[in-house]
């Protein structure tokens with residue numbers, strides 16, 4: 001019976017595997033008599049005891065090494081050696097275990113909102129990424145540090161900014177960034193806190209006194225009083241004017257005294273008499289000058 005030294009008809013191929021996934025090396029070997037197969041990792045004999053979970057098999061000239069779930073510790077140089085009475089042969093390949101990566105992605109973005117002063121505010125985002133991203137909150141570009149007033153919470157992929165008690169000065173543009181080795185993502189929203197004209201000072205429970213009212217509020221009060229006074233004055237003027245009109249409409253004008261009657265004969269009567277005389281006597285007629293009528297007196301009416 002002839003002998004033949006081992007030969008790799010299909011040598012090992014290097015493998016790149018994601019962490020947590022399976023990885024396998026496979027080689028096809030021929031030789032006579034059937035060679036014995038041994039595996040090595042970085043020059044050290046590899047066995048199921050040395051590498052828990054590893055699966056090694058050799059059948060019909062096919063040598064297989066399989067790792068069901070690789071970790072970064074499995075990375076290295078793997079070799080398979082085939083030996084028989086005629087000789088030996090070795091094939092070597094690399095195993096590179098990598099961590100799966102994915103850039104940050106917002107499943108839930110920041111939402112703009114309007115709240116009343118004194119309300120509790122919660123700004124939520126859901127973000128994923130491999131590796132897990134580093135999440136930071138900002139207001140007007142300044143990073144927010146977790147404190148009693150502003151708490152930053154995380155529960156799985158949910159990240160929250162809690163504002164214990166919102167005040168008008170907390171209004172502004174809020175943003176959140178998520179960063180990992182594969183990239184960066186940002187979400188932005190607006191927060192509007194509506195305040196009152198007279199409000200408690202932040203972090204105190206004392207009410208602002210009258211002497212502490214702002215100049216702006218005083219100006220507003222003065223303007224309202226001035227507008228009210230002007231409206232009242234206009235109303236009074238309208239009422240007085242209406243009453244005066246009614247008084248004038250109902251006031252009886254004073255009686256005008258009759259024209260004094262002149263005892264002198266009028267021009268018409270004189271003419272009549274003269275005419276009668278002319279018709280009765282052909283004698284020359286004397287031309288009598290009629291007296292001048294007394295002019296009427298005009299009385300000026302004054303209405304009060």
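Residue 1 is the first one shown; counting continues down the chain.
Glycine is treated like the rest: Cβ placed from N, Cα and C.
For 261-283, the entry in TrEMBL reads compositional bias 'Polar residues'.
For the domain 'Ig-like' (6-98), the mean pLDDT of the prediction comes to 92. For 6-98 (among others), the entry in TrEMBL reads domain 'Ig-like'.
Feature annotation from TrEMBL assigns domain 'Ig-like' to 104-192 (among others). DSSP states for the domain 'Ig-like' (104-192), grouped as helix (H, G, I), strand (E, B) and coil, give 3 helix, 58 strand, 28 coil.
Per TrEMBL, region 'Disordered' is recorded for 240-291.
Mapped onto DSSP classes, the domain 'Ig-like' (6-98) shows 3 helix, 59 strand, 31 coil.
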